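Enquirer: One structure is given below, represented as C-alpha cells, and several questions about it will come after.
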Amino acid sequence: MTAVHAGNINFKWDPKSLEIRTLAVERLLEPLVTQVTTLVNTNSKGPSNKKRGRSKKAHVLAASVEQATENFLEKGDKIAKESQFLKEELVAAVEDVRKQGDLMKAAAGEFADDPCSSVKRGNMVRAARALLSAVTRLLILADMADVYKLLVQLKVVEDGILKLRNAGNEQDLGIQYKALKPEVDKLNIMAAKRQQELKDVGHRDQMAAARGILQKNVPILYTASQACLQHPDVAAYKANRDLIYKQLQQAVTGISNAAQATASDDASQHQGGGGGELAYALNNFDKQIIVDPLSFSEERFRPSLEERLESIISGAALMADSSCTRDDRRERIVAECNAVRQALQDLLSEYMGNAGRKERSDALNSAIDKMTKKTRDLRRQLRKAVMDHVSDSFLETNVPLLVLIEAAKNGNEKEVKEYAQVFREHANKLIEVANLACSISNNEEGVKLVRMSASQLEALCPQVINAALALAAKPQSKLAQENMDLFKEQWEKQVRVLTDAVDDITSIDDFLAVSENHILEDVNKCVIALQEKDVDGLDRTAGAIRGRAARVIHVVTSEMDNYEPGVYTEKVLEATKLLSNTVMPRFTEQVEAAVEALSSDPAQPMDENEFIDASRLVYDGIRDIRKAVLMIRTPEELDDSDFETEDFDVRSRTSVQTEDDQLIAGQSARAIMAQLPQEQKAKIAEQVASFQEEKSKLDAEVSKWDDSGNDIIVLAKQMCMIMMEMTDFTRGKGPLKNTSDVISAAKKIAEAGSRMDKLGRTIADHCPDSACKQDLLAYLQRIALYCHQLNICSKVKAEVQNLGGELVVSGVDSAMSLIQAAKNLMNAVVQTVKASYVASTKYQKSQGMASLNLPAVSWKMKAPEKKPLVKREKQDETQTKIKRASQKKHVNPVQALSEFKAMDSI
C-alpha cells in the first residue's frame, strides 16, 4: 500500500491491487470478459477426430475481442490526456493494454487457425489473462483518478471549514461561509455519485452518513463561530464550536475512507453491521440444536450448546435487571430462561438415546420442537421487555429539553446545570433503549439506522447543553436565543429520526400489547390518586396517559400508511379517530375537573364514577385499536398471548375445562343428558344462550376489578364458575358427572352466597346513603332466594327408558329449571357487585376506610382476562387479501441521515 500526499491529500492506493471496488468498473469490464471467455471456451472439449481446418467461429470471436480492445484503448487515451491526476500511470496503463492486446491478437489468430492445438490454446489463455489484467488495471486507475478529483475537492472543503472556525471577525466569517457553501454543495454532488458506484454496502452507508453530518453541521458551525465572536467571554460557545468542528473533521475522514473503500478508524462505523446480538445468538442456537443422530457426540455437542445457551441467558438477565423492566416481566423472563435450560437438558437426553441411529425418533423430534418453542417464548418475553422500555422512554421526549430551555431563559445557571444532568440522563436512556431494541431485532438494515441515529443523538447532546449554558449566561441576547432555537430544532428532529427508526425494528403488535398494559397501570394510578386526593400525582399520571395515547395514534397511523386503503385501514383509522376525537377530550375534561375540584379550598365534591368511566374508555379505546390492527393477522402470526382458540361452545373463562368422556348410556347422568333428542337439546341450548347473556354481564363486571383484596369479586367468580359447570352438565359436558355432583355444587353456591350476604350486609350497615343501602340489601335478598331455588332444581333426575325399542331420555324440564335458576342467580350477583361498589364509594367519601374494621374490599381496576382478539376464519369463507401499497417505503438505511439540506441562510 502506498499513500500519496500530494498537496496534503491522503490518497491511499496499492498499485499492485486489482480489487474492483465500484460497479462502474464491473460494468465496463463485463463485455470484454464475456467475449474472451467465449473465445477461450471454443472447442474446449479437446482433440477431435474431425478434419483439421480453420474455425470461422474462432476467427469471428477473435475479431470481436480485438475490436473491444481497440475501444478500450481509444477511451483510455482520451482519459489519460484529459486527466489532471495520475497522468503518467494512466499513459503507462494504456500502453500496457495496447501491448497485451497485440499479443492477444497474435495468439487468438494462431488458435483460430488451429483450434484443436492444446499448446496454442494455452498460449491464448495466458494472453487473455494478461489482457484482462491490463484492462482491469487501466479501469481501476481511471476510477482512482476520479477518487483523487473528489479528494481534492474534499481538501478544499476541509480547508474552508478550518478557515470558518478560525475567522477573526464577523466580516471575515461571513466571507468564509459564503465561499464555503458552494464548495460543500459541489462536494456533496461528487460524493453522492461516488456513493452510488461503491460495491460495498458498508462503504455506501458510511459515505451517506458522513455526507449528512457535513451538510447539517456546516451551517451550525457558522452560527457557533458567530456566537463565539460576539460573546468571547462565554466558554460554552467555544466548547460548542469545537465539538461541531470535531464532528465535521470526522465527516471529512469518513468521506475520504468511503470514497477509497478503505476501513474506517471510527469504531462506531463497525457496530452498524448485522442484526442484534441476542437475536443472532438465538437464531444460531436454533440452528445448532438440529444434529444428525449418527454424528452426535455428547462430549462435543453438550458443552458447546450449554455454553451458547448460558451466553444467551446472560444477555436476557441483563435486560431483565434493567430499571424499566416491570417486575412481572422480569419474573417471566427468569421463568422462560429456566424453561429453556430444562428443555435443552431434555433434548440432550433424547440425542443420547438416539445416538448412532440413522433417523430421529418421534420423541427426539418432539424434544426439538419443544426446544424451539421455548426459545420462541423467551424471544417473545424479551421483545415485550424491550417494548416496556420503548413505551416508557420514548414518551414526552421533549419535556427534559423544554425544562432545560426554560431555566436557561431565566438566566439561572445553577438550575441549568441541574436540569442539564436530567437532560443528559434522558438522552442516555434513549440511546440505551435504542441499543436494547437493536439487540433483539433481526432487521439488519433497521438496526444499522437505529445505531447511526443514536450515535448522532449522542454527539448532539453536549451541544444542546452548551447552548443552554450560553443562553443562561446571556439570556437577553437575541443571538443566544436563536442559537438555542437552532439546537432545539436539531434535537427534536434527531429524536424523531431515532423514534421512527426504533419503531421500524420493533413489532407494532408488541408495542400495542405493552401500551395497553401500561395504560391500564396508569388508569389505576389515576383512580388511586383521585381517591387519595393527590393532585400532583393525578395530573402527572393523566399526562402520561395522554402521551401514551398520542404515541399509539401516531404509530398506528404511520403503520396504516404502508397499506393500500381499504376496509382494514378504514376500521383501524376509525378506531384511532374515536380515541383522539371523542375519548381523549372527555378524559381530559374529567381530569381538569378533578384537578380543579381537588385544588379548591375547601375541596369540591367530584363524581368518581364519571372519572372512572372516562378512564376506562381510554383503556377500551387502546384495546379496540389493537383489535383492529390484529384483524388481518393469521393465527400463526399471533403470539399465544394474543390469540386463544375459540371453542364452538361458549364456556366460562373461570370454569375448569375438561374433555368429554365417552358417552355410554347408563354410565352417568351427564352421559345421559348428552343423549337427549335434538329437539330437547335445542330447548336446552336456547336456555343456555339466555344464561350466557347474563354470564357475559357478570364477566364484564368482575373483569373490571382486581380480586386481590376484594372478597366480593372472589365470591362472584367462584359462583360464576360453579354455575357454568352446572349448565355444562345439562348439555352432557363439564366436570359434573352425576346428580350428586350437581347437588354438591349447589351447596357450594349456597355457601358462597351466604358469605357474600354477610359481607354485603356489613358494607350496607356502614353505608351513609340510605338509597344505596336499601338497593344492596334488596339484591342480597335475591341471592338468598335464588340460591334456595338452585338447590331445589339441582336434584336433576336423568333417566333412560326403553319404550317400544326406542331410548327415551327424561329430565329436560328439571334441566331447564336448573338453567333458569342459575340465570336468575347470575343476574342477582351482577347487581350485588355493582351495588357493593357504589355503597363502598359512598362510605369512603363520608368517613374514610381506615376507621372501619371491615374485611379488605379494595376496588382496584384490573384488565379483563384475555379474550380471543381475532376469530378464526372458516375454511370456506373467502378472505380478502390486504396488499401492501406499491409505494411502501423501502428506505435506504441511512437515507434519512443523508437528506439533511444545508440552510440557505442563517
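Just so you know, glycine gets a Cβ as well, placed from its N, Cα and C.
Sharing the record's features from Swiss-Prot:
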MOD_RES   Thr2  N-acetylthreonine
REGION    2-228  region 'Involved in homodimerization'
REGION    97-148  region 'Interaction with JUP and CTNNB1'
MOD_RES   Ser264  phosphoserine
MOD_RES   Ser268  phosphoserine
MOD_RES   Ser295  phosphoserine
MOD_RES   Ser297  phosphoserine
MOD_RES   Thr634  phosphothreonine
MOD_RES   Ser641  phosphoserine
MOD_RES   Thr645  phosphothreonine
MOD_RES   Ser652  phosphoserine
MOD_RES   Ser655  phosphoserine
MOD_RES   Thr658  phosphothreonine
MOD_RES   Ser851  phosphoserine
REGION    864-894  region 'Disordered'
COMPBIAS  881-891  compositional bias 'Basic residues'
Enquirer: About how far apart, in whole Å, are the alpha carbons (Cα) of Ser297 (phosphoserine) and Thr634 (phosphothreonine)?
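Expert: Answer for this pair: 40 Å between alpha carbons.
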Enquirer: Give me the count of other Cβ atoms within 10 A of the Cβ belonging to Thr634 (phosphothreonine).
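Expert: Other Cβ atoms within 10 Å of Thr634 (phosphothreonine): 11.
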Enquirer: Going by DSSP, is Ser295 (phosphoserine) sitting in a helix, a strand, or coil?
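Expert: Reduced to three states, the DSSP call for Ser295 (phosphoserine) is helix.
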Enquirer: What does the structure give for the C-alpha distance between Thr634 (phosphothreonine) and Ser295 (phosphoserine)? Integer Å is fine.
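Expert: Cα of Thr634 (phosphothreonine) to Cα of Ser295 (phosphoserine) measures 38 Å after rounding.
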Enquirer: Around Ser295 (phosphoserine), how many other CB atoms lie within 10 A of its CB?
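Expert: I count 10 other Cβ atoms within 10 Å of it.
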Enquirer: Looking only at the region 'Interaction with JUP and CTNNB1' (97-148), what is the model's average confidence as pLDDT?
Expert: 79
Enquirer: Just to be sure I understand the packing, how many Cβ atoms besides its own are within 10 Å of the Cβ of Ser297 (phosphoserine)?
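Expert: Its Cβ shell of radius 10 Å holds 10 other Cβ atoms.
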Enquirer: Using DSSP, break the region 'Interaction with JUP and CTNNB1' (97-148) down into helix, strand and coil residues and give each count.
Expert: 48 helix, 0 strand, 4 coil
